[in-house]
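K.L.:
Below are the features I grabbed from TrEMBL:
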type: BINDING; residues: A:48; note: NADP(+) binding site
type: BINDING; residues: A:125, A:126, A:127, A:238, A:239, A:278, A:293, A:294, A:295, A:296, A:297, A:319; note: FMN binding site
């Protein structure tokens with residue numbers, strides 16, 4: 001089973017390479033009756049789109065999405081939705097020099113060892129350009145979750161290098177090109193990115209995702225827990241090297257008496273768990289942190305080998321982001337939304353009858 | 001799709017509750033022709049078994065595994081292997097007092113909100129007792145991987161509370177009941193556990209898993225990457241709140257020039273990636289860290305509510321581990337092995353023909 | 001992906017060999033809150049059980065089922081249900097003579113060519129004994145479907161050899177050991193079976209399955225249509241060589257004006273389609289015919305080869321059914337129920353919101 | 001889980017409606033290194049294409065396929081292949097008259113009852129136009145199977161109405177527009193179709209599919225048997241109402257001594273089983289018959305109701321095939337190829353190691 005699909009009931013399958021003809025996807029299992037037009041999707045795509053600010057890659061992809069199926073007279077029909085984005089700003093010639101080289105930190109070597117062949121133009125299938133489709137489908141998932149359940153899924157930049165961005169309100173997040181929630185850190189971030197661009201280097205980051213109003217009961221023990229499926233979906237984003245749910249790695253130093261979230265008549269009195277207990281949502285805010293590695297596409301020379309086994313020096317040209325953590329935010333929101341809608345559908349498949357039992361008491 | 005299965009081609013499905021009649025599983029897709037007897041499995045089960053040391057729960061489960069099918073004359077036949085462990089040391093009466101309460105930090109509340117009903121005896125299905133089956137099947141996966149590919153998958157305790165255990169060789173790990181690789185820390189760990197037992201409290205831990213000799217090419221982009229599937233499998237273990245691959249959260253502060261692993265004629269010259277690039281194994285050592293929360297089963301009173309909506313105080317009796325990180329180690333090894341064998345089979349399904357292409361050059 | 005599971009949301013995985021220790025299964029995705037005790041399952045098992053009449057094999061398996069998990073205080077909890085039946089009447093020595101032979105018409109040769117190894121005792125995994133688990137889980141599916149939706153799924157023997165059994169009411173079906181709906185044919189069937197037993201031969205049969213009160217809307221185009229999934233499930237029963245939905249092969253000679261089912265204010269005015277249109281149930285009776293081959297286990301000598309490549313003559317001893325079509329009826333009912341409940345859950349996952357749209361008009 | 005995907009390892013997902021913007025699909029799991037250009041696919045599409053002969057619909061779809069991804073420099077890369085065909089000859093206005101009616105024999109009523117909404121233009125998603133994508137992907141599967149294993153998968157018209165077409169060689173099949181293997185029946189078929197066109201009626205048919213050189217060992221007991229998966233795939237084709245493997249329904253009247261295929265040193269001496277035993281291919285020719293219903297799109301008036309519950313008379317205009325059995329042949333070949341390649345990949349995933357065991361003897 002090749003791995004280009006995710007989700008069980010709300011199921012996304014993507015295709016396309018960085019410098020191919022187009023990127024596309026099918027999303028199967030979308031509930032019927034949801035109003036949906038291309039601009040619903042486009043607005044999230046634009047948040048991810050390159051060339052939007054001086055802080056990301058200067059590549060200019062229009063990333064104009066087209067709905068090919070599954071929507072009739074502006075409403076979803078329940079049949080699979082096909083989406084397509086044509087690739088426009090492709091400069092494949094940038095890559096001819098590296099066709100027999102393995103760029104350090106990239107998937108060139110591993111794709112070659114797996115398939116015996118690779119599309120070397122811009123990383124081919126391994127390029128983060130594939131994530132446009134995740135963002136597009138995430139917009140559909142978000143719309144449904146918000147419309148039917150008032151669920152809100154949002155992300156922000158919590159750390160870049162050693163700059164920690166404290167959360168000071170969602171209003172701040174959309175006011176700057178870093179998705180930074182702390183207005184005092186904008187100048188520092190700006191300076192850091194400009195220096196990295198000058199030196200041809202890149203930097204890591206931490207992204208935080210918050211999901212509010214997720215109903216309790218979502219998640220399928222024992223393997224397809226909500227946290228496990230979130231970990232899967234988020235770790236599948238390019239450059240992610242770590243995942244935390246709730247207190248995450250801080251739990252190592254905690255006592256049981258500190259960590260456990262007690263309950264009172266008004267609900268939980270703390271949220272160390274990050275909204276998930278035993279793999280099932282508990283109705284609290286779901287909080288996730290992601291560690292994003294610095295992109296390996298930098299202009300500082302590095303050592304590598306060719307597929308013929310020769311040692312060479314390499315400079316990764318092309319036009320790249322100094323910090324992929326910025327554009328990863330809409331992608332991580334999208335993956336979170338895709339997992340949550342999938343579990344919502346899974347939950348109502350099995351447990352539609354259980355509501356009466358619960359209502360008997362609580 | 002209920003979530004009690006994991007793996008695509010090497011597929012494990014478990015069943016059973018903490019205080020039910022038995023725990024069991026089916027593992028489908030095991031290659032035929034592998035010598036297998038119960039003692040191959042039992043030895044790993046014993047490493048996880050409670051009651052083996054003063055540092056874990058005094059419950060004494062014999063955890064004697066029986067192979068019900070799929071093995072004929074001591075060899076796997078390719079048909080599904082059914083495994084069964086009968087529950088013996090059940091003291092269900094320990095739990096009658098909590099049947100209408102939601103223990104803080106446990107899955108009681110979320111199971112209730114999901115299913116409208118729960119088996120309250122020892123956490124029922126949410127109990128870590130379910131993980132015996134993971135360890136049992138992990139033993140089969142490990143045996144195959146070692147026999148056919150010389151793959152070694154091992155884990156150790158890297159931190160407990162604020163005690164950091166440095167890796168000083170695998171020999172040390174099996175010499176103590178903590179799976180601690182640093183002989184100098186045994187006394188500190190011993191003292192910490194004894195104090196926690198006295199105070200009725202618990203502590204978090206970090207576990208490290210190392211997989212050696214994993215062939216390059218395993219992992220299915222773009223969603224079922226090897227790291228994403230490992231994150232899924234490991235996050236599905238009770239009490240895990242964080243996952244790191246390679247440098248993990250340390251990447252946030254790294255420059256691209258530091259992080260990327262360069263290559264020379266002798267292979268990679270560093271391993272910040274932790275053995276996985278673009279979601280595919282690169283032939284280097286795979287390194288994973290897990291953050292384990294302190295168990296919520298402690299005897300220090302806590303506040304909670306009943307299903308009738310009354311506030312009450314609760315003490316979680318029963319016999320529990322002060323640090324679940326210790327017994328989590330064989331479980332995490334098992335889940336790692338299950339993911340790797342699954343990807344090995346997936347890889348050879350699609351890419352058996354690609355070997356010639358690769359051999360042409362490298 | 002090995003193939004010992006069926007169903008997406010109501011998912012059955014079986015294990016066990018004819019002469020192994022036990023047969024067992026896990027069924028995952030059962031809705032919580034369903035009253036369930038072993039006798040609910042046992043009564044259907046008894047309808048399939050060998051040794052119940054002079055018309056089937058004299059083997060006497062008690063086929064006593066044990067519920068190992070997923071049920072607490074007599075009610076399903078939503079967690080996976082494990083079932084187990086121990087094998088008791090095993091005479092493995094019957095089979096030692098055939099360990100290196102391939103019985104004609106059996107799966108001996110194909111299992112050997114697939115796995116390189118086979119459990120030769122009674123056909124091992126290829127034995128119809130595996131279907132006990134299907135019947136057991138079918139009983140759970142039937143109970144839910146009947147309790148919640150008044151769905152009735154029943155089967156009868158419609159032909160054996162050249163004896164055609166006309167449908168003359170369900171009452172007749174359970175009054176004889178042939179599941180024959182036509183009281184006038186009992187004597188003929190009795191004579192046929194007795195003659196076959198004497199001559200050591202066997203005969204084919206046709207089984208008809210009727211599902212009533214299936215709600216409209218079940219089935220997932222375009223591949224997982226209800227009829228396609230029924231065809232899959234029913235063709236997976238040992239000895240089935242043909243499937244018909246509605247008019248089946250008779251459609252070859254029909255005109256469009258004859259075949260299409262017209263509608264009036266009281267609904268459809270005919271049912272050539274057999275209750276399924278475009279792969280989705282239409283609320284009419286679902287009608288399916290199965291062609292069952294004559295069992296190949298006969299005492300008339302036949303030619304075959306050994307795994308060493310020698311030609312030999314073989315007589316299949318053991319104790320076998322002269323017409324497997326009889327005992328296939330509860331199995332086919334079970335598989336039909338498993339497919340329908342699965343599609344019921346799949347439907348409500350995606351289309352819970354569509355009810356309002358439909359109610360707007362019809 | 002919505003049902004627009006088929007296959008486990010060679011996995012096809014389709015999208016698109018009859019009168020939407022485009023039809024498309026993703027096929028995931030294609031082995032890397034296969035030479036593939038659009039004309040490889042186009043030739044099979046042309047065999048299915050409407051407007052090619054006086055015997056099928058006069059609609060003229062160019063059905064020009066475009067490969068969007070997964071192929072680089074004329075060779076498959078192992079990444080998902082996206083295919084697209086734009087809809088060109090859409091006359092949606094043909095359908096405005098039926099937007100609130102349920103055409104008898106069509107999926108209009110069932111789609112409406114399922115989703116609460118339907119794209120009424122040409123049947124929307126329920127149209128057989130969706131099968132273009134199956135044919136396209138079948139061409140890829142066929143190419144691989146033929147190139148690597150010399151497998152040939154071909155079909156012919158075996159019956160139309162009461163005209164039985166005897167098999168008289170593959171050469172004959174491609175020489176006429178009916179895929180008829182019997183040159184003596186061409187005139188009869190021609191006359192039948194012309195009369196049906198005049199009367200505005202349609203007729204049923206039987207299609208036969210033959211797969212040669214399928215290696216033994218393919219098929220996954222006990223549910224995903226090769227015959228069960230073929231039954232699923234073929235029953236998912238529009239208008240199919242019956243499936244036979246090997247002798248099919250003729251087995252009802254057979255004795256065990258007649259049916260079972262004996263073996264000698266030169267292999268099997270007969271093929272009643274149709275190439276599959278115990279759900280696994282045995283190396284013989286696989287033979288399948290399909291019963292195709294007469295299309296319900298006829299111009300003879302029929303009775304139906306509207307979604308507002310009114311009785312009305314309906315004439316299905318549009319441009320339709322008098323016998324859908326003709327164009328179904330390339331579709332059925334394609335589905336057979338897709339199932340066989342999927343099982344080939346599944347087999348080598350689990351059983352790559354078993355070759356040595358088999359070679360030891362036979």
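The backbone N, Cα and C atoms fix where each Cβ goes, and this holds for glycine too.
Because TrEMBL annotations are produced automatically, they should be read as predictions rather than curated entries.
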K.L.:
Using DSSP with the three-state reduction, classify residue A:125 (FMN binding site) as helix, strand or coil.
P.N.:
helix
K.L.:
So of A:48, A:125, A:293, which of the binding-site residues has the fewest other Cβ atoms within 10 Å around its own Cβ?
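P.N.:
Each of the binding-site residues A:48, A:125, A:293 was scored; lowest Cβ tally within 10 Å is A:48.
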K.L.:
Measure from each Cβ of the binding-site residues A:48, A:125, A:127, A:293, A:295 to the Cβ atoms of chain B, and list in sequence order the residues where some distance is under 8 Å, or 'none'.
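P.N.:
Checking chain B against the binding-site residues, the residues within range (Cβ-Cβ under 8 Å) are A:125, A:293, A:295.
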K.L.:
Rounded to an integer, what is the Cα-Cα distance in Å between residue A:297 (FMN binding site) and the residue listed as 'NADP(+) binding site'?
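P.N.:
Residue A:297 (FMN binding site) to the residue listed as 'NADP(+) binding site', Cα-Cα distance: 18 Å.
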K.L.:
Give the three-state DSSP assignment (helix, strand or coil) for residue A:48 (NADP(+) binding site).
P.N.:
helix
K.L.:
So which of these binding-site residues, A:125, A:127, A:239, A:293, A:295, A:297, get their C-beta under 8 angstroms from chain D?
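P.N.:
It is A:125, listed by sequence.
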K.L.:
Should residue A:295 (FMN binding site) be counted as helix, strand, or coil on the basis of DSSP?
P.N.:
coil
K.L.:
Over all shown protein chains, what is the count of other CB atoms within 10 A of the CB belonging to residue A:127 (FMN binding site)?
P.N.:
22
K.L.:
Could you give the Cα-Cα distance between residue A:293 (FMN binding site) and residue A:48 (NADP(+) binding site), in whole Å?
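P.N.:
Their Cα atoms are separated by 18 Å.
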K.L.:
Where residue A:127 (FMN binding site) and residue A:48 (NADP(+) binding site) are concerned, what is their Cα separation in Å, rounded?
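P.N.:
Residue A:48 (NADP(+) binding site) has its Cα 14 Å from the Cα of residue A:127 (FMN binding site).
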K.L.:
C-alpha of residue A:125 (FMN binding site) to C-alpha of the residue listed as 'NADP(+) binding site': distance in Å?
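P.N.:
Approximately 18 Å lies between the Cα of residue A:125 (FMN binding site) and that of the residue listed as 'NADP(+) binding site'.
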K.L.:
Rounded to a whole angstrom, what is the C-alpha distance between residue A:239 (FMN binding site) and residue A:48 (NADP(+) binding site)?
P.N.:
15
K.L.:
Taking only same-chain residues 6+ apart in sequence, whose CB is under 8 Å from that of residue A:295 (FMN binding site), what do you get?
P.N.:
A:105, A:202, A:239, A:320, A:321, A:322, A:323, A:324
